[in-house]
Amino acid sequence: MASSSATAELCDANPTLLSEGELRVLAPIFQTYGRCRAFSGPVVTLKVFEDNVLVREILENPGDGKVLVVDGGGSRRCALVGGNLALLAQNMGWAGILVSGCIRDVDEISGLDIGVTALGSNPLKSNKKGLGEKHVPVDIGGTMIHEGEWLYADRDGILISKSELSV
Ligand SMILES: O=C([O-])CC(=O)C(=O)O
């Protein structure tokens, strides 16, 4: 019998946290890209809409194993992350990027040692006006996520936890 994945084990091991909302399962709307199919880390939040200047600004800082959660308003009309930004994130030590929106350069990203999860892909680049808000609570598919919470992702799904959990 195949062993269960980290997110499934975390759910099984923490029914109380789940029932109290301390541990939440994100809506199963994300595709997995990037070579790291399983990743986790403390969350840094960003809210933008069809504009990725602030995505680059954040990823230029050392990631220290954190996960950037980009609330792109669910727009599928352009890409908020491409091969260059994913490479930057990998090189700056980010564990992963979650985009409630689209990415592009899927083939490039699939060769990078970083976790990338997004709604889908779109070859069109985004606006470059620099609009958005860093480090604010974001609503991803009906789940509120605060900076400093923990994200756990694997091919089964994505969890958000108020605190670090032992995997
Ligand atoms: O710069 C952009 O808009 C996104 C992109 O294509 C990349 O990261 O390579």
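Note that Cβ sites are derived from N, Cα and C of the backbone, with glycine treated the same way.
Note that TrEMBL annotation is computational and uncurated.
Annotated substrate binding site per TrEMBL: G82, G83, N84, L85, R104, in sequence order. A helical conformation is recorded for G83 (substrate binding site) in the three-state DSSP classification. Long-range Cβ proximity for G83 (substrate binding site), meaning a same-chain Cβ under 8 A and a gap of 6 or more residues, is found for R104, D105, E108, I109, L112.
In the three-state DSSP scheme, D105 (Mg(2+) binding site) is classed as coil. Its own atom aside, the Cβ of D105 (Mg(2+) binding site) has 19 Cβ atoms within 10 angstroms in the protein chains shown. For D105, the entry in TrEMBL reads Mg(2+) binding site.
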Legend entry - Extra residues within 8 Å (Cβ to Cβ centroid of G82, G83, N84, L85, R104), substrate: A79, V81, A86, L87, I103, D105, E108, I109
